[in-house]
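Below is one structure, written out as structure tokens, with a few remarks after it.
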């Protein structure tokens, strides 16, 4: 019977052990039921010991690099697997085999380049697979074989350039597929046809080549509008930027041979790494700036060279799959970590080079199995320890270099396995030559293979001595040296002092370094660890003390400790003294000190401990000294010290004890025991304050039922106004203004919607287990920074329908688990950049129903939601006006612009002081939450300082009135007014003139409590009662020496000749009756006038005519050749042509505006040369959609085209595909728009209406220029093939081109017009008529049918009298043209007014040197000399003298030219002077001239008329 009992007992023990193994939790992980959380623990491999019953496994945010076949073996119940945010580059085939229950797997944000086929074949229940943000290059045909029920497949943000046919064929239940942000150029036919449930497809941001192979996609997407938005063509060039559904099927054209073979992606899997070169099974990656080992190397490589890169770690199995490797060179990198199986399986490896890195420790078993290794270079690293079996399998090693490391000692037997060693380098290491290193001296004496000269560094007596030459008796140990080196054969990592710490003997001092955690790699010999005066807040269970078997004392005083995790002191069984003084511990339990089985002294002074109960010191039976001095202990549970069996001294002083019935036992205990230091005293109740506890009588330890015992565990109570279900608390619609006080600490969901909260309760961060918080439909107006910082588990935060107007940049810091954030229905106009930086897990953001102001300040948010699609496309802009009602998700980023000054109302939401809310000179102070407060000046109060302390403080009485408060009536006052004022606030000045005594019609002027009489002439006195003689000196008002005659009622002035008026104040205008003749100007004088004669007239009344010689017409305009209806003007003695609109040039011979009528019209700009830098600009007006505007014809054609109402720039560089850019602005509105093209070096830019430049980017090479490069505008000749342009009638342009400039130089558009049809001068748009109907006249342009009373080409002139009535035609007939006329000359005459006789053959025999031949009135030839010359043949040069000219003068007034009413006689200084001087006017006089304008108006103006010329200094 006993045998069976023992047997079943053994079985029970074994089952218990197996249960522990199956259901245990991996180190550093936390397990709760079937949930295993290993996230963020820096794992490099999948941890061992995962419970078999696990259903959810979180391994995200680690450093895992490889997934092997056995990592998840046995986890048959696993449903959710998180592997995101690691460094996984390889997943072995079969890694997920056996996970038949797996439903979700996340592999996003890793480094996968290859997607193995049949990887997910066994996971038949998989419904969600996330492979986004990796480096996957291809999707093979069998990649997703087996997962037929998957609903969500994410492949976005990879490097996918190839998708094999049928890759998605089996995914019939797929609803969401993301392929955006890849390098996809082609999608196989019918790839999506087998997905009837597909509702979301993302294909944007790829390199789709819209040729015949992709035509199917256009039809497919056109039938499913909205399924895949923003899917655009990227090639060919003329289709770049077009939405695929909008392109017609006929435009999908293939230019080369059409491939019919099914597409295969296999070659991309085995290619050489992009940065390396591969040749003869040698991979060369030297000096490539690599930061990691390249993945997917050719399988048969024998050598890989990775030296001189920036690689920091070698992951697990990095080279294991390349079994033929013979040489690996990783020298001169930054390697500090190597996985222990990095080189496993490389039995052929002969050379391993690792020198020049940062390796501090060789992992156990790193070189195991390298049986062929002959060369191992580990020099120039930071190796400080070597395990005794490090080189156990290196029997064939010939050369080992450990030169220049941090080795202080070497275990005996380290080199024993090295049977073939011939060379050993050990120099430049800080060797401790104690008794433990004597063996090395003997070894080197017997085997003289060390050739670098290794020397001792310690102790001082042997410093710098060669190890091989030191006598054996010198190698001895003394105390500390022996203690430090005692563990022979282990890794002596403990010999290196932690960074910034101070080590002396066995004392490690890391105090006062602002540390937040225990430093790693503490020396194993440490006995005294000083961590005091740092910033450690939580002591984690890291196992730091397991490696310190000699530790005796730990000092953690004066930190910020709030909690000590269970297991933090595991392995610290030898610690005798623990100092925790000066921390923030609020409670203490025995689990905190688990592992301190030998503790003698525990110092807990100056903490915040409030209760000592029976579990506080359990497990501390060896403690002798315990100090609880200066805490917040109010009560101690009975038997709290019973477990302290060895206690000899306890300090309980300086605590606020409440001496009620719960503490009665302590009084008795203090009397019985003798271990207490001092006399602890009561602090409550008041009648026992400062009374020693042991002196209080038992009846005084009383309770009345209202006491709160902080030591009694209080069961979580549901708040009165709420309902609770397990860990869910609902306090909805309760009218709450603050958070209920008794919400359980373990609450996971809290509903507070529909209350009256005005801010987020400050107590919420204490609920650290919250996963959902609903604060919707409250009155919260602001959020404070770090409001939710401690709520690390929160996954859903609902803040919708509040009044939040401002979000500080750090409002959501700390919410790293938040997945859903809703701010819907608030008053947000902007969100600061960076506000969501901490929301790393966020997947959904609701911002709808907010007045978002979408200027440049909100551009970042639009870009952020576009990048992650976290906002579902509901949030809309409300401003600026041009952005109103646009979606935040889909509006292009370039539309988010800041125009003009910032809106004060918007800025004041987060900076309310900008709106100056404080009144009465109050000072406004705001904070980051958008709140403000006013600092009021003396006498005012209220939120905005709007309330005076009393009614008189604001000085309501004006005009010096005195304010008096009304007794007994708060807020009322009365004013005592000074004389002259009245009213409630002394604001009225009564009119004293209502009852005045002013006499003799004087005027009364009101004053303050008086009035003033303003007397009329001849009266004086205060009341104007005294009469004054008007002719007395000082009162006489007669002017200009006139005589004052007093009368009975007033006076009379007798004026001198030439003056009139009551007081003789006016000078009579004698010119009203003048006798001036011949248009002379009359100048008035006193009692007379003077006639100022016109040029040539004389006499008192200008009655004498000028001599005949001055009447000859010798105007310079006689020789002018003004064209195109322009008029000649004489300016500074030279003829100047006044051009009509649309012409320019010295003779108005050049055209600036043309109207193209389509067809095959064009104009060639002759003599143009296009070479960088070149700036081409012009103005265009049209209402058509398509046409050529400009074309450069040579080897690199450039075309500027009107395409669908926008400007399209096409540049076709030979041997490169054409590149295209489109303007955002449309120009087909009939108005003029400015278009500019800038060619500079290798860039080409397009600017429309001075907007944002659209660049083609950097060109492959600068534009080529041929000697015969031609530039065409408005079209091209039919014989020229236009590269990159759309064929057909779209090439014809119909519209106006104006002001064409090349590098700022205005071009003559008429020069290339000869023989070209369909081009008209000017702009003939049917919207130009000012009055009347507009009629299109085919190719001739437009005409305006003017109504009665209007005339002119555009009906812009009012009809007047017949213009021929005042014509100046001399030898011709006047022909009326609207309001103007022209002269039709008779034979033999020409000129504008037919006043010039045509020359005949008689002039052929007369040679005029400086002039031209003309016929006289008698028909004889004569020389007409140039200005400055005279004589029969114009060979005599004249000196500077005036040349009389008599002609009409012209004045330009706005858009009209006005002519003087008569010819004006003047001198023109035309001749020359000696060197350095100019012939110029030296005397002139001003004359008033009358001008008449074409519209019938007239005006007069004074002008300078030259009367004398002379040689004078030239003007600049």
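Every residue, even glycine, has its Cβ placed from backbone N, Cα and C.
As given in TrEMBL:
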- 1-24: signal peptide (SIGNAL)
- 911-946: domain 'EGF-like' (DOMAIN)
- 936-945: disulfide bond (DISULFID)
- 948-987: domain 'EGF-like' (DOMAIN)
- 977-986: disulfide bond (DISULFID)
- 989-1025: domain 'EGF-like' (DOMAIN)
- 1015-1024: disulfide bond (DISULFID)
- 1027-1065: domain 'EGF-like' (DOMAIN)
- 1055-1064: disulfide bond (DISULFID)
- 1067-1103: domain 'EGF-like' (DOMAIN)
- 1093-1102: disulfide bond (DISULFID)
- 1113-1149: domain 'EGF-like' (DOMAIN)
- 1139-1148: disulfide bond (DISULFID)
- 1152-1323: domain 'Laminin G' (DOMAIN)
- 1296-1323: disulfide bond (DISULFID)
- 1360-1395: domain 'EGF-like' (DOMAIN)
- 1364-1374: disulfide bond (DISULFID)
- 1385-1394: disulfide bond (DISULFID)
- 1399-1435: domain 'EGF-like' (DOMAIN)
- 1403-1413: disulfide bond (DISULFID)
- 1425-1434: disulfide bond (DISULFID)
- 1440-1515: domain 'CTCK' (DOMAIN)
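Feature map: TrEMBL annotations on the structure.
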residue	record	contacts (Cβ under 8 Å, 6+ apart)
945	disulfide bond	918, 919, 920, 921, 922, 934, 936, 937
986	disulfide bond	957, 958, 959, 960, 961, 975, 977, 978
1024	disulfide bond	998, 999, 1000, 1002, 1013, 1014, 1015, 1016
1093	disulfide bond	1078, 1080, 1099, 1102
1139	disulfide bond	1124, 1126, 1145, 1148
1385	disulfide bond	1371, 1372, 1391, 1394
1425	disulfide bond	1408, 1410, 1411, 1431, 1434
So what pLDDT does the domain 'Laminin G' (1152-1323) average out to? 78
Between the disulfide-bonded residues 1055, 1064, 1323, 1403, 1413, which lies closest to residue 1364 (disulfide bond), Cα to Cα? 1323
Hey, which bits of the same chain come close to the domain 'EGF-like' (1067-1103), Cβ under 8 Å, at least six residues off its ends? 1057-1060, 1110-1111, 1446, 1462, 1464-1466, 1487-1488, 1505
Least Cβ-packed of the disulfide-bonded residues 1064, 1148, 1323, 1403 (other Cβ atoms within 10 Å) is 1403
Looking only at the domain 'EGF-like' (989-1025), what are its DSSP counts of helix, strand and coil residues? 4 helix, 10 strand, 23 coil
Cα proximity to residue 1323 (disulfide bond), best match among disulfide-bonded residues 1055, 1374, 1403: 1374
For residue 1364 (disulfide bond), what is the secondary structure by DSSP, using just helix, strand and coil? helix
Can you give me the Cα-Cα distance between residue 1403 (disulfide bond) and residue 1296 (disulfide bond) in Å, rounded to a whole number? 46
Fewest other CB within 10 angstroms, which one of the disulfide-bonded residues 1055, 1102, 1364, 1394, 1413? 1364
By the DSSP assignment reduced to helix, strand and coil, which category contains residue 977 (disulfide bond)? coil
Residue 1413 (disulfide bond) and residue 1374 (disulfide bond), Cα-Cα, nearest whole angstrom: 28
What is the total of other Cβ atoms whose distance to the Cβ of residue 1374 (disulfide bond) is within 10 Å? 19
Rounded distance in angstrom between the Cα atoms of residue 1413 (disulfide bond) and residue 1055 (disulfide bond): 68
Residue counts for the domain 'EGF-like' (1027-1065) under DSSP, helix then strand then coil, are 0 helix, 13 strand, 26 coil
With DSSP helix as H/G/I and strand as E/B, how many residues of the domain 'EGF-like' (948-987) fall in helix, strand and coil? 0 helix, 10 strand, 30 coil
Other C-beta atoms that fall within 10 angstroms of the C-beta of residue 1296 (disulfide bond): 21
